[in-house]
Ligand code: HGY
Ligand code: MN
Ligand code: MN
């Protein structure tokens with residue numbers, strides 16, 4: 001990269017102000033955000049992102065999964081674009097930065113190039129992927145998954161939320177269903193800036209995570225069926241308690257994950273008990289087991305052992321059980337050249353950095369299957385995320401966006 005470009009920096013104040021402005025949309029109850037996918041709040045956040053992109057003289061593309069693509073022209077009409085983005089949807093008790101930092105970091109690159117009057121050979125496209133979180137509609141990374149050919153659009157449209165509302169209906173209801181075929185776009189490369197959502201970078205005093213790999217994920221929805229009965233008058237030996245069976249299975253999830261420590265994790269975050277009445281023994285329990293590891297064999301072992309343990313538990317209690325795989329992806333190795341561009345940018349800019357494996361899933365994990373892809377991470381306070389108290393520093397946000405900026409313009413090639 002030309003010496004003149006070495007010192008280019010994004011505008012950290014403008015990035016921070018945009019983060020705080022976006023955070024006002026779909027506020028949580030404790031300082032974070034509840035801007036779940038395909039809600040009116042999501043629609044409002046999309047509109048604000050579109051407004052900012054149009055002010056930055058981008059043209060906005062929208063595909064049939066609601067993925068948003070803000071296009072900044074390059075000088076070579078034949079050159080494939082460099083895409084850069086993440087997601088604007090949040091968890092119900094989400095933070096202000098998970099996903100949003102990556103989308104607005106991409107926009108900040110375009111704003112900075114406009115300020116400096118810099119042209120690039122390849123177009124640059126700031127991107128918002130619909131429903132990364134997978135909280136209202138499983139699985140996570142749904143729309144980047146359709147884009148990468150991992151799910152069909154029909155299957156995605158049929159996904160239902162807890163109230164039985166279908167994804168496709170809700171996307172049309174909020175007015176963000178585009179005409180463009182999903183996945184038709186071809187990319188020169190894709191970069192994603194994301195908070196680490198774990199404690200490593202902060203603990204090691206590093207400003208930048210150079211993400212070489214992403215751990216794999218497995219989501220299995222388990223349904224245990226027993227029998228509703230009176231909690232007072234039903235003798236203990238006669239009970240078919242699905243809630244109790246679930247509790248015993250959750251213990252097994254934890255035990256199995258610990259057996260693969262330190263490179264595996266497991267938990268159950270989604271639990272529904274029916275009829276969920278104080279004086280009715282639950283006749284049904286539905287819950288999702290989330291297993292993760294950088295090693296696919298470990299994930300498969302955890303899935304198999306849990307199934308055997310859960311079947312033993314319900315057999316002994318005289319209950320029934322069903323398993324449904326509702327999400328997952330194999331461990332990911334990001335593109336060597338893109339990872340080198342990230343690492344080189346951190347070194348040139350003088351930011352402390354370390355290679356890291358992403359503990360969380362990201363849209364980049366799917367896009368990596370259809371385009372050269374890499375990620376940049378910044379620390380987050382106490383490694384906390386998927387919690388309204390999620391926090392980063394303004395300096396961390398700027399450092400991450402600076403490294404993203406240099407990796408992107410190196411790949412998009414500045415035209416002198
Ligand atoms: O589940 C994940 O890892 C991501 O935050 N959706
Ligand atoms: Mn995220
Ligand atoms: Mn998240």
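Every residue gets a Cβ built from N, Cα and C, even glycine.
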Quick check: of 386, 406, which does TrEMBL put in the same Zn(2+) 2 site as 98, 133?
386
Recorded Zn(2+) 1 site member, picked from 122, 151, 188, 194, that accompanies 87, 98 in TrEMBL:
194
Distance between residue 194 (Zn(2+) 1 binding site) and residue 386 (Zn(2+) 2 binding site) at the Cα atoms, whole Å?
13
Report the member of 98, 133 (the binding-site residues) whose C-beta atom has the most other C-beta atoms within 10 angstroms.
98
Expressed to the nearest Å, what is the distance separating residue 87 (Zn(2+) 1 binding site) and residue 133 (Zn(2+) 2 binding site) at their Cα atoms?
8
What is the number of other Cβ atoms found within 10 Å of the Cβ of residue 386 (Zn(2+) 2 binding site)?
18
